[in-house]
Amino acid sequence: MGIFSIANQHIRFAVKLACAIVLALFIGFHFQLETPRWAVLTAAIVAAGPAFAAGGEPYSGAIRYRGMLRIIGTFIGCIAALIIIISMIRAPLLMILVCCVWAGFCTWISSLVRIENSYAWGLSGYTALIIVITIQTEPLLTPQFALERCSEIVIGIGCAILADLLFSPRSIKQEVDRELDSLLVAQYQLMQLCIKHGDSEEVDNAWGDLVRRTAALEGMRSNLNMESSRWVRANRRLKALNTLSLTLITQSCETYLIQNTRPELITDTFRELFETPVETVQDVHRQLKRMRRVIVWTGERETPVTLYSWVGAATRYLLLKRGVISNTKISATEEEILQGEPVVKVESAERHHAMVNFWRTTLSCILGTLFWLWTGWTSGNGAMVMIAVVTSLAMRLPNPRMVCIDFIYGTLAALPLGLLYFLVIIPNTQQSMLLLCLSLAVLGFFIGIEVQKRRLGSMGALASTINIIVLDNPMTFHFSQFLDSALGQIVGCMLAFIVILLVRDKSKDRTGRVLLNQFVSAAVSAMTTNVVRRKENRLPALYQQLFLLMNKFPGDLPKFRLALTMIIAHQRLRDAPIPVNEDLSVFHRQLRRTADHVISAGSDDKRRRYFGQLLDELDIYQEKLRIWEAPPQVTEPVKRLTGMLHKYQNALTDS
């Protein structure tokens with residue numbers, strides 16, 4: 001396919017984007033809005049953003065959800081701007097500096113919350129800055145300007161959502177159904193690999209792929225939940241299926257590890273059962289029925305605990321999967337599964353990374369302010385706005401430098417493209433609403449094609465072009481103003497890029513160490529006799545951290561194996577029959593405190609000291625278990641955990 005070719009699957013979204021832009025433009029001028037540009041720009045960004053992220057037409061609900069986040073972020077930003085202006089109207093410089101700090105604060109928050117919701121916080125940061133900069137000459141018009149901006153943005157979002165509904169958005173439900181079947185087959189094949197106890201690299205690749213697919217399925221669940229309220233029952237089942245899929249991975253990998261020391265635990269009967277190849281979910285269903293009969297015949301005590309747990313989890317997976325596909329009423333058996341343990345939310349391990357993002361955004365905005373005041377350039381405020389926009393949106397993504405480069409390419413492409421519209425197209429079409437709408441529709445259509453291909457600069461070009469062409473009411477054509485706006489965008493992106501290059505993010509290794517220590521803390525916290533704590537489901541949170549570790553350190557198998565071993569230890573200790581008495585309960589609390597100290601330690605020396613203390617306490621704990629005559633189901637996992645911590649002590653304590 002050529003670089004400028006148009007694929008059939010890209011046409012529908014390109015028409016949808018063009019329709020959203022035309023609707024916003026028509027409504028903006030029809031109702032005599034002062035700056036219809038904001039409505040058009042909002043419609044374009046809300047519609048094109050999810051398509052750029054997805055690399056194609058977004059699924060149903062994605063545009064609607066992004067629109068809601070933009071409304072929330074805009075309102076938060078407007079309220080913050082009003083508070084800042086009312087409090088500091090007599091000190092304009094201080095007011096702008098506080099806005100720079102506010103933009104940094106919002107970026108810090110957006111780095112810590114879920115990636116789906118971070119857009120609202122990033123938007124609220126630069127919205128406040130835009131309002132404060134715009135009303136510098138007429139501060140008394142702040143409430144009116146904030147209200148107009150909110151109204152125009154809501155209109156733009158409404159147009160994007162309406163265009164999405166008009167062109168029958170894709171439903172993700174069929175993809176979810178197919179992935180559920182495929183995932184169960186892959187889970188069975190992973191257990192086959194683990195029972196064969198073959199090449200460790202092949203097993204690592206298999207479980208790593210399943211972790212990614214399970215995380216992707218959770219993302220599909222979020223999309224399905226946004227799509228329609230009729231998928232509420234499917235959403236509940238998919239939440240439980242996420243935990244079951246992670247449980248299957250854990251039990252398979254534990255089966256592999258057990259065979260390193262005790263291969264005789266896996267009997268020939270089960271080895272023969274798992275030798276049968278499977279291709280479809282029906283094959284898996286037949287095999288599970290055979291296994292359940294074998295387990296009933298041999299007895300639970302004669303069945304390895306990992307296989308027994310795996311078969312039970314796979315059976316529950318099959319039951320819930322059928323419910324998701326049919327979307328029928330939840331049965332009593334399903335309700336019992338769904339009313340399982342409460343899921344514990346993950347605590348962010350990227351606090352240092354978030355602080356780096358705070359300083360990057362704050363410093364770049366302050367640098368833009370100084371540049372504006374020093375040069376007195378009429379479009380210095382435009383440069384400041386672009387700095388805030390780029391840093392607020394770039395910081396929450398894995399590769400901020402590439403986002404900046406995308407914006408730089410986009411603003412450079414917007415200069416000749418905007419020039420064509422400013423000098424030729426708009427002056428010749430402004431007297432006809434039809435021609436004006438058609439000219440903007442052509443722009444939206446062709447950039448919509450490139451956005452779906454994730455062409456570098458396409459998203460930035462769309463936003464930057466709409467921002468600099470004259471879409472105000474009334475239209476005024478001042479070439480110097482156009483040139484200033486276009487150059488201001490380019491300079492702003494350049495300054496943001498320079499700050500990102502200068503303020504280095506060296507938090508990667510620290511984040512990796514914090515993640516590994518959080519796995520250790522989770523394994524230690526599983527040693528408890530507290531009934532409520534034992535019922536907590538930490539598995540989704542632990543695998544979410546493992547997924548982050550895999551993204552931060554691609555290909556680092558030792559880190560992944562260590563993390564997975566800690567997850568297995570957590571699950572095994574959580575189900576272990578620990579003797580219930582006050583002596584052990586007190587010591588459990590002491591172990592948890594020490595593990596928390598390891599995570600929160602501010603220096604390597606403190607961390608090593610607390611880690612050494614944790615190892616000593618684990619040795620004492622093993623002695624206590626011997627005194628209280630704990631069964632092997634307790635003593636063996638604790639011994640394995642202690643051995644792992646001794647082996648990887650340096651990796652867990654050194655920065």
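In case you wondered, yes, glycine gets a Cβ from its N, Cα and C as well.
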Membrane-side pairing of Arg64 with Arg609, Swiss-Prot annotation: no
Same-chain residues at least 6 beyond the ends of the topological domain 'Cytoplasmic' (452-458) whose Cβ lies under 8 Å from its Cβ atoms: 10, 13-14, 51-52, 55-57, 405-406, 408-410, 412-413
Mean predicted confidence [pLDDT] for the topological domain 'Periplasmic' (114-120): 77
Close approaches to the transmembrane segment (407-427) from elsewhere in its chain (Cβ under 8 angstroms; 6 or more beyond its ends): 386, 390, 394, 436, 439, 443, 456-465, 467-470, 475, 477, 479, 482, 486, 489-490, 493-494, 496-497
Cβ contacts under 8 Å made by the transmembrane segment (152-172) with residues that lie 6+ beyond its boundaries: 12-13, 15-17, 19-21, 23-24, 27-28, 33, 35-36, 38-44, 46-47, 57-61, 63-64, 67-68, 70-71, 74, 220, 223-224, 227
Contact yes or no, the transmembrane segment (38-58) and the transmembrane segment (93-113), 3+ Cβ pairs under 8 Å, gap 6+: no
Cβ-based contact of the transmembrane segment (121-141) with the transmembrane segment (69-89), 3 or more pairs under 8 Å: yes
